[in-house]
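Novice: Quick one: structure below, then a few questions.
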């Protein structure tokens with residue numbers, strides 16, 4: 001299926017037309033188009049697995065396209081590497097930043113193309129040119145600072161400045177705001193608009209609809225490897241884009257709430273982490289069947305709460321009471337034995353073993369329970385439980401031997417949640433559970449969470465997405481600079497109240 005709306009003729013910086021790419025048994029791209037104008041910000045949207053990454057890999061020469069044409073500034077191109085693309089004016093700022101943490105900012109800016117004076121690197125010239133670019137983009141970073149000492153948002157600014165230094169005409173940004181505060185997002189948007197004013201074409205990839213409508217001029221939607229539409233944002237609604245992405249209308253963004261919170265199962269009093277700055281005097285209750293959200297700005301120490309409960313961080317004071325009995329989780333194993341489970345924020349770095357199969361990733365948190373009387377692993381039980389994870393979590397995969405890194409983000413997250421459910425937890429803690437997941441898969445994750453709450457699990461969710469917290473939780477605990485600034489009832493609170501509480505102790 002394709003839309004009747006096609007990009008109108010006109011001057012384009014980048015024209016990708018009729019791009020096809022197949023892998024054994026799979027047609028990854030089927031006659032896909034992407035056309036980007038100068039002085040524009042162009043959203044590239046689609047569910048995970050829609051073909052966005054494959055299309056861009058064809059542009060950068062990582063994959064060789066089967067057919068189709070790519071024109072850049074009116075000339076046909078066929079790059080063989082990302083380096084060649086960059087040298088010719090096409091740059092990409094990746095979600096996983098590609099910087100050398102041990103080197104200085106200006107080293108990273110000019111790596112592989114240092115200005116020289118005789119036989120030596122011209123440090124003064126490198127500093128001056130880096131500073132000039134930073135000044136033009138309103139970036140307040142010391143060019144001599146070591147990259148490893150900077151925040152994620154500052155690192156992203158460096159990546160954008162690097163693209164600027166190559167005089168890039170096309171800049172592709174992949175989920176650039178996933179780890180940024182609202183203030184940092186606004187600064188990033190200012191820089192993106194500066195690039196637009198200078199004549200750049202920006203390709204902006206994000207699952208955050210609010211950002212797309214705030215920033216972009218046009219949108220191209222892909223689905224199942226096909227081009228669906230390219231349209232101006234001004235004539236679209238959020239529901240229309242979602243319908244194009246998923247192939248159907250999503251009548252609601254969040255499932256109906258059918259859980260009924262019961263008695264208190266977890267009492268946390270004056271919890272303080274040993275290594276400061278961290279959480280201080282955190283107190284709250286969690287009820288059976290309740291979904292408790294944790295809100296706060298970046299740096300509020302939200303993650304420190306669940307890490308301290310799970311034994312990753314050592315507590316210096318406070319009590320944790322489970323079913324009326326005081327417990328101490330000195331490490332993750334003790335936490336698991338007490339019925340806690342933690343789905344971590346950084347899925348790819350701490351949640352999955354990307355190059356191993358679904359079976360391994362499903363069972364690793366519970367692996368010792370599969371040993372038989374002679375100490376060998378019970379393969380039939382392992383296979384059965386892996387299949388349970390696939391079926392009950394509705395994981396889309398050819399089979400349990402599939403490498404988990406090849407799955408979409410949503411399906412990876414389902415496997416991780418299923419893995420923890422095999423440990424039979426009473427308390428499931430999820431840190432940014434839908435980060436980097438497309439809108440259709442988000443709804444499926446919300447459904448799973450709602451079903452678990454309905455079955456009586458106590459659930460704690462940390463999220464930076466306010467609509468998510470307001471859409472699925474029963475109560476929201478708001479953190480500010482390591483302190484609890486309030487606990488609000490989701491039904492009666494507002495986004496403004498939560499933001500006010502989040503700023504209380506800054």
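Glycine is no exception: its Cβ is also placed from the backbone N, Cα and C atoms.
Sharing the feature lines straight out of Swiss-Prot:
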{"type": "BINDING", "residues": "46, 47, 48, 49, 50, 51, 52, 53", "note": "ATP binding site"}
{"type": "DOMAIN", "residues": "14-249", "note": "domain 'ABC transporter 1'"}
{"type": "DOMAIN", "residues": "264-506", "note": "domain 'ABC transporter 2'"}
Novice: Are there any residues at least 6 positions away along the chain from residue 47 (ATP binding site) with a Cβ closer than 8 Å to its Cβ? List them or say none.
Specialist: 223, 245, 246, 408, 438, 439, 440, 441
Novice: I want the residues beyond 46, 47, 48, 49, 50, 51, 52, 53 whose C-beta is within 8 angstroms of the mean position of the ATP site's C-beta atoms, in chain order.
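Specialist: Neighbours found: 222, 408, 438.
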Novice: What same-chain residues, at least 6 away in sequence, bring their CB to under 8 Å of the CB of residue 50 (ATP binding site)?
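Specialist: Counting only residues 6 or more apart in sequence, the Cβ neighbours of residue 50 (ATP binding site) under 8 Å are 222, 223, 224, 225, 245, 438.
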Novice: Go through 46, 49, our binding-site residues, and report the one whose Cβ sees the most other Cβ atoms within 10 Å.
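Specialist: Per the Cβ count within 10 Å, the most buried is 46.
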Novice: Using DSSP and three states only, what is residue 52 (ATP binding site)?
Specialist: helix
Novice: Going by DSSP, is residue 47 (ATP binding site) part of a helix, a strand, or coil?
Specialist: coil
